[in-house]
């Protein structure tokens, strides 16, 4: 997944995700820190989606973005990354599905 944090013409912050893979992606519990941005998101191959980020959770040096991806076998894999401005970013897999790992 490729993620981008941007602003629209009205100044509203948007978190955009693109699925460059040839497979559907099923994502759950998309969060910035403890704030849930989306409960569930299904992305078709090549699709993208935008989610509004409330001003109260705008990125700072300490903010973390995380989500869970469903596997083909029904399991969940947790991904996490620090939020850094408006660059395109990816999240790394947390090996033990715990936020005790560093993003």
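Here the Cβ of each residue, glycine as well, is placed from N, Cα and C on the backbone.
Here's what TrEMBL has on this protein:
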- 17-77: domain 'Pili assembly chaperone C-terminal' (DOMAIN)
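Residue counts of the domain 'Pili assembly chaperone C-terminal' (17-77) by helix, strand and coil are 3 helix, 34 strand, 24 coil (DSSP-based). Over the domain 'Pili assembly chaperone C-terminal' (17-77) the predicted model carries a mean pLDDT of 91.
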